[in-house]
Amino acid sequence: MSDNAQLTGLCDRFRGFYPVVIDVETAGFNAKTDALLEIAAITLKMDEQGWLMPDTTLHFHVEPFVGANLQPEALAFNGIDPNDPDRGAVSEYEALHEIFKVVRKGIKASGCNRAIMVAHNANFDHSFMMAAAERASLKRNPFHPFATFDTAALAGLALGQTVLSKACQTAGMDFDSTQAHSALYDTERTAVLFCEIVNRWKRLGGWPLPAAEEV
């Protein structure tokens, strides 16, 4: 058996990166000025046979930072009332501190070197998380500063679809449109979609890579 055929660990699969699925709901499109209102994160794990699956889930409603813009159109779209006391919202610091703590623990346990965000249209989620981490003065950010795995691009390649709901349905997954634009639900669906794309590539023989002499 080649060395490549034995690469079944999470640390081997993504060049030492620890994939963490993220989705955010916000009060606009500008990460510097508009409020982060909700964030969910799902870590991933790999079994002994090299199949990828969801692991730990974290979810927080977030208080708008002082001076944040709250765009009415964005709030109408996601249905979030930032002033609803039943949201149980926490500060950006509290939400990201807890997520980063769990992610750092996962990096260490898996033998990985750094976290990488998995998200649908990842630039949006990445920009808001990074801006919030900067505002919260969180120095030990475990995520890569710019690299991501974007499931919109991956699904376009693997499934011919770039919209999350259509990609999930094409992959044979359920998608409840009434729950869409909840950070928790969208993160759960994105995590399962990413795992399906990675595992489908493995089922098709694309991973582990063949040894050099076999190519």
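Cβ coordinates are placed from backbone N, Cα and C, and glycine is handled just like the others.
The domain 'Exonuclease' annotation in Swiss-Prot covers 20-194 and is backed by sequence analysis.
According to Swiss-Prot, the feature Mg(2+) 1 binding site maps to ASP23. Same-chain residues at least 6 positions away in sequence with a Cβ under 8 Å from that of ASP23 (Mg(2+) 1 binding site) are, in sequence order, ILE39, ALA40, ALA119, HIS120, ASP125, ALA183, LEU184, ASP186, THR187, THR190.
Per Swiss-Prot, Mg(2+) 2 binding site is recorded for ASP23, GLU25, HIS181, ASP186.
PHE29 (site 'Important for substrate binding and specificity') carries neither a helix nor a strand DSSP state and counts as coil. All chains included, 13 other C-beta atoms sit within 10 angstroms of the C-beta of PHE29 (site 'Important for substrate binding and specificity'). Positions annotated as site 'Important for substrate binding and specificity' by Swiss-Prot, on the basis of sequence analysis: PHE29 (among others).
As annotated by Swiss-Prot, site 'Important for substrate binding and specificity' applies to PHE77 (among others). Shown in sequence order, HIS181 are the residues of the chain, 6+ apart in sequence, with a C-beta less than 8 angstroms from the C-beta of PHE77 (site 'Important for substrate binding and specificity'). In the three-state DSSP scheme, PHE77 (site 'Important for substrate binding and specificity') falls into the helix class.
For PHE124 (site 'Important for substrate binding and specificity'), the same-chain residues 6+ apart in sequence whose C-beta sits under 8 angstroms from its C-beta are VAL24, PHE29. Annotation comment: Swiss-Prot describes PHE124 (among others) as site 'Important for substrate binding and specificity', evidence class sequence analysis.
Residues or ranges marked as site 'Important for substrate binding and specificity' in Swiss-Prot: PHE146 (among others). In the three-state DSSP assignment, the secondary structure recorded for PHE146 (site 'Important for substrate binding and specificity') is strand. Sequence-distant contacts of PHE146 (site 'Important for substrate binding and specificity'), defined by Cβ-Cβ distance under 8 angstroms and a gap of at least six in the same chain, are HIS126.
Summarising the annotation, Swiss-Prot assigns active site, proton donor/acceptor to HIS181 and lists sequence analysis as the type of evidence. Under DSSP, HIS181 (Mg(2+) 2 binding site) is assigned to coil, being neither helix nor strand in the three-state scheme.
Same-chain residues with CB within 8 A of the center of the ASP23, GLU25, HIS181, ASP186 CB atoms, the Mg(2+) 2 site residues themselves not counted, are VAL24, GLU38, ALA40, ASN78, ALA180, SER182, ALA183, LEU184, TYR185, THR187. There are 25 other Cβ atoms within 10 Å of the Cβ belonging to GLU25 (Mg(2+) 2 binding site). All chains included, 25 other C-beta atoms sit within 10 angstroms of the C-beta of ASP186 (Mg(2+) 2 binding site).
The domain 'Exonuclease' (20-194) scores a mean pLDDT of 98 in the predicted structure.
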